[in-house]
Amino acid sequence: MANVVVIGAQWGDEGKGKITDLLSRSADVVVRYQGGVNAGHTIVVDDKVLKLHLIPSGILYKNTSCLIGSGTVIDPKILLKEIDMLIDNGIDISGLKISSTSHVTMPYHRILDEAMEADRGSNKIGTTGRGIGPTYADKSQRNGIRIRDLLNKERLSDVIEIPLREKNGLLEKIYGIKPLKLEDIVEEYLDYGERLSKHVVDCTRTIHAASKNKKNILFEGAQGTLLDLDHGTYPFVTSSNPISGGACIGAGVGPTLIDRVIGVAKAYTTRVGEGPFPTELQGSINDQLCDRGSEFGTTTGRRRRCGWFDGVIGKYAVSVNGLDCLAVTKLDVLDELDEIQVCIAYDLNGEEIDYFPTNSDDLKKCKPIFKKLKGWQCSTADCRKLSDLPENAMNYLRFLAELMEVPIAIVSLGANRDQTIVIEDPIHGPKRALLR
């Protein structure tokens, strides 16, 4: 038995959905522990493309329970669309469970999110406009609505009244937006609650019961390390904690329950939205990475910014998450390049540094110091074991492992499940360095 946390080791969009889907075959329970519909993951099964935002990837396995944990924020309208999409595709969703204490994204959260971002003008932070920040803000101010509140009409009317009055004041007086009606919201969200009620559970009790019964539990993070509210490139971050420590808070478990942490990183780097990005590329190589990697956001459809692999960020992710091993994704995107560069340090005001500056103003000033490696200029898409890889591809992976001082357990070479080299099963395999 092993309980494993899967986190993004960059700015999100690393391919966690595929890796979580892969590991879910060995898991009894998959728990999504933070974030909301601002995250998205794409899974390809039998040439069928499934895009999910809230429901854990493990839902595709009939005997796997999938829990949306207390640390998430849920837009019930979008969640129900996902449920309907899965049912339409013949997928059994009876294993889906939703924490009764998850907070709910309300209509005023979405409207305020968009209005506040527009009001920032040139100082925008790149929010998805899905209401995530305002939902978490209400949670922190103890003014939020939880899933359990949607199950009782009288309670829902009571808990919405005060926050709605406050939000209507903001909408009307500051942004000139028509106020929302209490009756309309209560009617709409009671309907959502009724449809979701059979999935609602006590999150902590459910997870601890699984642990007591020696079940394998997989904790699935959204976004990535550099988007963490406390440890990312603030203010260009999300409103929750995607790092491994967030799994304990968002799922309601102690750190001793976690056996292993696996980080997911692309073989290059991408970022969506605003904020510093030291290795960002311009021109033809950027376009090539974007086009070959289909670098468009699952949630927003925005074109992702692309750059070389950043080892400084990688080492920071290893440290802040306590990574045991790494899954490297989209290695195949680099197949056609004759030369590949990896950032090994930064130049900050004329000084070489090998650490990640947590001050975004300093990070903006950082210039990458690169190590050049030879490309392999042949397809890796059909490789299924390490010995199938071209020598220079192996050299590249070894260099990343040595630079980050962490073993590589999985290499992904395409969107499909079978386009993967599993060097070590992070759930059942022993802890050992296999590619380093």
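One-based numbering along the chain as shown.
Yeah, the Cβs are placed from backbone N, Cα and C, and that goes for glycine too.
Binding of IMP is annotated in Swiss-Prot for D13, E14, G15, K16, N38, A39, G40, H41, T128, R142, Q223, T238; the matching candidate from R292, R302, R384 at the same site is R302.
T128 (IMP binding site) counts 22 other C-beta atoms within 10 Å of its own C-beta, drawing on all protein chains shown.
Of D13, G15, Q223, L331, L413, all annotated as binding-site residues, the residue with the shortest Cα distance to G301 (substrate binding site) is D13.
The binding residues for IMP are recorded as D13, E14, G15, K16, N38, A39, G40, H41, T128, R142, Q223, T238, R302; their greatest pairwise CA distance is 34 Å.
Around R302 (IMP binding site), a 10 Å sphere centred on its CB holds 13 further CB atoms from the protein chains shown.
By the criterion of other Cβ atoms within 10 Å of the residue's own Cβ, the least surrounded of the binding-site residues N38, T42, Q223 is T42.
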